[in-house]
């Protein structure tokens, strides 16, 4: 920008530091001088920078990747929910269509020569399977294609699996954490490592980085783009606008128009409050606009040409109608996202709220200055704009989606990073004064509560009770107290210089406890993978599987792990051929209604999710139905 930042008219705790300060030794020995010259000659980073980089990568890798893949503790948890297996299956089918077409045309993405025919063949290979998302052979136009493209790439490199389906989100979260570190190091040196590690260790980032879904595909590039815009706002260098347009285009290809809409709302509110509307005009950078359109329009135009109903299904039904109505049955109260934010920030919720309040006080003081002509004194800007920008970035998506008819936790994932960045910056600003005792106790207590709940969660999964045994309550209480005291005493002993590392203890311990020691229980209770494995073991020759009144999670999960769509009794009828039936144990009375005159027998009971699997013989085999064997005589999978 053309303006240069003036000194703050208020005296906020925020300050603008463009270069890190390196204290010099007044008595420098010749050996030290030689070391400095050598380091300068070879441009080696300072040891602290190398150490920070190592800590950042090592800790982030553990937080985001432990228990995800075979080489990082094992793929402990199969795909869960309805979205994960559905999106993974779409990517698998798109890759299969792409490979089949390119093999039939004897071509690849790289043309064999510069002849027009070879270039056209390579272009057709590029388009095959990459334009229209398909599920079970039919177009699925709910979301844009970014996740599917990235999953196709990981499937090509690592094979089709549940863990490779999650790598797009994991890699996106890793890039986000690294970019937060680099941005803070460049513009707010001192709090960069805390901000990055707080982001990586927050519950929302850990959870969504392990999801085969589009939420992180939107949040990561959106947040990187917003940081790029603020870098331009503060420096005036057009180069930073590349981040806004490039990553904004990626976010648009992840979830559609919500990305540019949110970015525009946040930037407009920010510039409006600071009375800098001219900056909005300068944000419109022609090379950036061209880059955005070149990245976004080809796919949207191509998918509309291949699917004339795309505009209606995607824009009207899955964007406007999803926001305005509860058509997709995701209704929640208006305060739902306040709860999501509080839980998503754990274990940093207490300090994060304190950081928000501290930054809000600064912003309110500066707003008063800007609205007092006598105190404004002609300065082009008042104070530090970064906390104001982060606060608006955090609260506006929450407010916007709170009025949505459909509410899912992932909608406000882009609001988590600005709060974690504020938290890291807050810890850096109060490094000299330290945290108050009340804040330290509250933070340690929250860590203890988190551990207490997570230690008891396997018992709830096994026995579906809110009141576990006395033994488990005792163990959970002991672990919680131990963690709480550890976090408190480390923070008290080393002040806030070690609070981030102290808080990582319960986070890493919880990950190891849940995925390392109880991953099997999670898998049995929430994924279709164990059931698919057992079906393949007990009925290896039967391809057809039907379901009756099971959850969508199980239906889509079985379809992914068996790589074929399920048949539904209630909508498609009973197949005439031999097949397996997955039915809830509470609905077995429906067998007489659906299978009257057919031979069927129970195979096994999938007790952890209340399901039973039957083998149904082809029509004409036998003359009467076989009643179900009592549950206590059926093989059980626990």
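Every residue gets a Cβ built from N, Cα and C, even glycine.
Among the ranges 385-403, 404-422, 518-536, 537-555, the stretch that TrEMBL annotates as transmembrane segment is 385-403. Between the stretches 303-333, 334-364, TrEMBL puts its transmembrane segment entry on 334-364. Looking at 165-184, 365-384, 565-584, 585-604, the range tied to transmembrane segment in TrEMBL is 165-184. In TrEMBL, the annotation transmembrane segment applies to 216-233, one of the ranges 216-233, 612-629.
At the 8 Å Cβ cutoff, the transmembrane segment (385-403) and the transmembrane segment (469-490) share fewer than 3 close pairs (sequence separation 6 or more) and do not count as touching. Regional average pLDDT for the domain 'Glycosyltransferase RgtA/B/C/D-like' (143-300) in the model is 96.
When Cβ distances are compared across the two stretches, the transmembrane segment (334-364) makes no contact with the transmembrane segment (284-302), since fewer than 3 pairs at least 6 residues apart fall below 8 angstroms. Sequence-remote contacts of a segment are chain residues at least 6 beyond its ends whose Cβ falls under 8 Å from one of its Cβ atoms, and for the transmembrane segment (499-517) they are 59, 62-63, 66-67, 73, 76-77, 193-194, 197-198, 201, 206, 347-348, 351, 427, 435, 443, 447-448, 450-451, 454-455, 457-458, 483, 486-487, 490-491.
For the transmembrane segment (216-233), the list of distant contacts is 1, 146-147, 150, 168-169, 172-173, 175-176, 179-180, 183, 186-187, 208-209, 239-248, 250-251, 254-255, 258-259, 262-263, 266-267, 279, 283, 385-386, 389, 393, 413-414, 416-418: same-chain residues at least six beyond its ends, Cβ to Cβ under 8 Å. Between the transmembrane segment (439-457) and the transmembrane segment (245-272), fewer than three CB pairs separated by 6 or more residues in sequence fall under 8 Å, so the two stretches do not touch. Panel annotation: around the transmembrane segment (165-184), residues 52, 56, 60-61, 64-65, 68-69, 79, 84, 87-88, 91, 147, 150-151, 154-155, 158, 191-193, 195-196, 199-200, 205, 208-213, 215-217, 219-221, 223-224, 227, 231, 417, 420-421, 424-425 of the same chain, lying at least six beyond its termini, place a Cβ under 8 Å from a Cβ of the stretch.
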